[in-house]
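Listed in Swiss-Prot:
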BINDING   Ser39, Glu61, Tyr69, His218, Lys244, Arg389  L-serine binding site
BINDING   Ser39, Tyr59, Glu61, Ser105, Gly106, Ser107, His134, Ser190, His218, Gly290, Arg389  pemetrexed binding site
BINDING   Lys373  methotrexate binding site
MOD_RES   Met1  N-acetylmethionine
MOD_RES   Lys244  N6-(pyridoxal phosphate)lysine
Amino acid sequence: MEPVSSWGNTSLVSVDPEIHDLIEKEKRRQCRGIELIASENFTSFAVIEALGSALTNKYSEGIPGNRYYGGNEFIDEIENLCRSRALEAFHCDPAAWGVNVQPYSGSPANFAAYTALLQPHDRIMGLDLPSGGHLTHGYYTSGGKKISATSIYFESLPYKVNFTTGYIDYDKLEEKALDFRPKLLICGGSAYPRDWDYARFRAIADKVGALLLCDMAHISGLVAAQEAANPFEYCDVVTTTTHKSLRGPRAGMIFYRKGPKPPKKGQPEGAVYDFEDKINFAVFPALQGGPHNHQIGALAVALKQANTPGFKVYAKQVKANAVALGNYLMSKGYQIVTNGTENHLVLWDLRPLGLTGNKVEKLCDLCSITLNKNAVFGDSSALAPGGVRIGAPAMTSRGLVEKDFEQIGEFLSRAVTLTLDIQKTYGKLLKDFNKGLVNNKDLDQLKADVEKFSASYEMPGFLMSEMKYKD
């Protein structure tokens, strides 16, 4: 049999130089590029160290103190520590809130919450995808095709933003809810640049007898730092990913109310919340098997980092940087949805320029700027959207401040101008447009400027001096 020292204690570069080389190339891409995808961030070396630890070896189906496998005494300690840190990071009273830290990521967390709270074909309402919502909130196309499992297994009716202002139309939301009578009302989104009126959501939910769930995946870091409105004041359940503005590993959490319910007309005296057992059962055994303990350990590290004064400074800077970028683009005459932002992202409406998000995303990719095409309210297709979504968390993690984001705005303006020039010369069809991207000196110059700019900032998670590909 092959000795352990041969297969089990040999470095990656020796065992699999091909994968090692691709990882090094990805490091270079991250270091030399400008990362503007709003759902991405750069996590810390400490988090990465926990992710690559021996915790990945252990199975631990069940919850601390009630496992289906032995040998979990330290895994139980880690998960309990992660849960207590999660409640502390989000300023939750442990007597009033519980949390499950086992979901593999945000979409599984959402579906586990729905499975716990609803019966198949119960009614839900979430923000429409072109209005800034998320697939898991019940999205289906204008033609009625059900895209998300949420819309397949539950009856979904979206609410929307006002097409003039870009803000959520709470009056129409209430009107729809009174007609539709959902069992669950969802607030939260993936491309909504404004804060959420949780008090209004609560009032609407109470009017129609619905539970209120917040998906704070995008803004959880801002919520933890108290730089965004607090969903825990009004919601019954709060879900989140952990790798976006929270700057942790890729994982998910479900927070739920527990203990006595506040007195309410028509409610039995002494009523208590019954979410805990339902949510724990939905996560396991209903939808998942063994938790990913390396993720839970890494999440515990990230939550410890999130509960520091330095993280609050970071979250505040994320918002300031997003505002600075939005203001710069508007100063150049570009159309920004809602005329600005109150959180970590800017949604740029390209339709007045006659461009699609696909083309701008593709050209930016070739210039080492990473952002994503995104639907804008009024779009008929998420596959050919009229905007791009731009986020501040990742580059803020590298130490950039407002003036740096104004420079990023200048790069983006150059990219859009170049996209317009190529479209004018080669045509609107994507196959024709792509021809203008080949051997383009202006594009090459923009890429060189972007990479020179980005390489001057530090990189979390790994040492640039130890990279294989430095140039």
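Note that Cβ sites are derived from N, Cα and C of the backbone, with glycine treated the same way.
On the structure: features taken from Swiss-Prot.
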residue : record                    : CB count, 10 Å
Met1    : N-acetylmethionine        : 5
Ser39   : L-serine binding site     : 21
Glu61   : L-serine binding site     : 16
Tyr69   : L-serine binding site     : 12
Gly106  : pemetrexed binding site   : 27
His134  : pemetrexed binding site   : 25
His218  : L-serine binding site     : 28
Lys244  : L-serine binding site     : 27
Lys373  : methotrexate binding site : 21
Arg389  : L-serine binding site     : 26
Residue pair Tyr69 (L-serine binding site), Gly106 (pemetrexed binding site) - Cα distance, angstrom, rounded: 26
Alpha-carbon distance [Gly106 (pemetrexed binding site); Ser39 (L-serine binding site)] in Å: 11
By Cα-Cα distance, the member of binding-site residues Glu61, His218, Lys373 nearest Gly106 (pemetrexed binding site): His218
Those recorded positions of Met1, His134, Lys373 having Cα within 10 angstroms of Arg389 (L-serine binding site): Lys373
Among His134, His218, Lys244, which are recorded as binding-site residues, the nearest neighbour of Met1 (N-acetylmethionine) by Cα: Lys244
Distance from His134 (pemetrexed binding site) back to Glu61 (L-serine binding site), taken between C-alpha atoms, in Å: 29
Site diameter for pemetrexed, Å, by largest Cα distance between Ser39, Tyr59, Glu61, Ser105, Gly106, Ser107, His134, Ser190, His218, Gly290, Arg389: 38
Length of the line joining the Cα atoms of His218 (L-serine binding site) and Lys373 (methotrexate binding site), in Å: 17
Inter-residue C-alpha distance, His134 (pemetrexed binding site) and Lys373 (methotrexate binding site) (nearest angstrom): 14
Inter-residue Cα distance where the pair is Lys373 (methotrexate binding site) and Lys244 (L-serine binding site), in Å: 18
